[in-house]
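Colleague: Sending over a structure as structure tokens; questions will come in a sec.
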């Protein structure tokens, strides 16, 4: 008798995607982040759903409803901090996942890569809107500053900003629509994840060597399911440690002050995972130029496949490219640090230098070094 998991219309889809899926035998722990992101998404949707049951999206009561969740709801504090710090874990996994793709040349699967970029934008939009909901000082001023950037768009900018606000400033209408979209977007993200996996399973996984692995495949279950479960345990332990020992480590103290349109915080800054892009935005004195640089800092990933000049797919055997890659990582850490600093000397010039380096490495140095490595291969 044939196994039901191979014949049942629904089970056979799950079977071919997770159980009998052929996977390269050489996948390292860098390939764990896809499944970890799935767990993060699940945790965020579940905790978010329970938080939404107690939250009120009204400017008069939003801040108090979050306080009520933390003080009066059974394990409400746990839900709130799991959700807030779960977002941080989500972005850590997301950036490591993208970094893995860049290092090992996974971007040559262009459909999977492009859906991934869409996912990155969708998750960033979700996180930004979620940050506005507690209606603290940084929520209000962060929303005001970031949405105001759209006013840099010629001709339609001002009308666009007022349309998004639902008035002439960030107010009740803005908060209500942000809550609606923050609730909706994770389900759109889930749908995009399925498309992402669909395209990935068309081509099969890349591997650390970048060499086709068709002759050497193993079934996903039990090998990679066990490996993934170990990853889950490590990540959930890290999340639990963060939530239970220092839940406010990654947050901003200003967000414990209720939103006040009359008092501007001394330093308006987004959550830590947006600081690199915020630093790039601030490094350009022109408003429209800054907005374009901000968008391009992420959108630049879309042209990475076009800039791939190397004869080898992966950076595993390309020491010069590896040096450049880790320089890029150092530049991103520098930008993240600068994004959290005030706009004054010497931070301004450091931020501008790091921003120029970021684009220079991706657009010019990486392809040039790849061509040099191709030339050295002939020797």
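For all residues, glycine too, the Cβ spot is worked out from N, Cα and C.
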Colleague: Transmembrane segment per Swiss-Prot: which of the ranges 113-133, 134-154 is that?
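Modeller: Of the candidate stretches, Swiss-Prot labels 113-133 as transmembrane segment.
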Colleague: Transmembrane segment per Swiss-Prot: which of the ranges 77-98, 253-274 is that?
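Modeller: In Swiss-Prot, residues 77-98 carry the label transmembrane segment.
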Colleague: Give the range, chosen from 178-198, 199-219, that Swiss-Prot lists as transmembrane segment.
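Modeller: That would be 178-198, per the transmembrane segment entry in Swiss-Prot.
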Colleague: Return the residues near residue 196 (heme b b566 binding site), defined as same-chain residues 6+ apart in sequence whose C-beta is under 8 angstroms from its C-beta, sorted by sequence, else 'none'.
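Modeller: Those within reach of residue 196 (heme b b566 binding site), by Cβ under 8 Å and sequence separation of 6 or more, are 112, 115, 116, 119.
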Colleague: Spell out yes or no: are there three or more C-beta pairs under 8 angstroms between the transmembrane segment (320-340) and the transmembrane segment (347-367), with each pair 6 or more apart in sequence?
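Modeller: Result for the transmembrane segment (320-340) with the transmembrane segment (347-367) is yes.
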Colleague: How many whole Å apart are the CA atoms of residue 182 (heme b b562 binding site) and residue 97 (heme b b566 binding site)?
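Modeller: The Cα atom of residue 182 (heme b b562 binding site) is 23 Å away from the Cα atom of residue 97 (heme b b566 binding site).
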Colleague: Distance check, please: Cα of residue 83 (heme b b562 binding site) against Cα of residue 97 (heme b b566 binding site), rounded to an integer number of angstrom.
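Modeller: Given the Cα positions, residue 83 (heme b b562 binding site) is 20 Å from residue 97 (heme b b566 binding site).
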Colleague: Which of these binding-site residues has the least crowded Cβ, counting other Cβ atoms within 10 Å: 97, 182, 201?
Modeller: 201
Colleague: Per DSSP, to which secondary structure element type does residue 182 (heme b b562 binding site) belong, with helix, strand and coil as the options?
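Modeller: DSSP call for residue 182 (heme b b562 binding site): helix.
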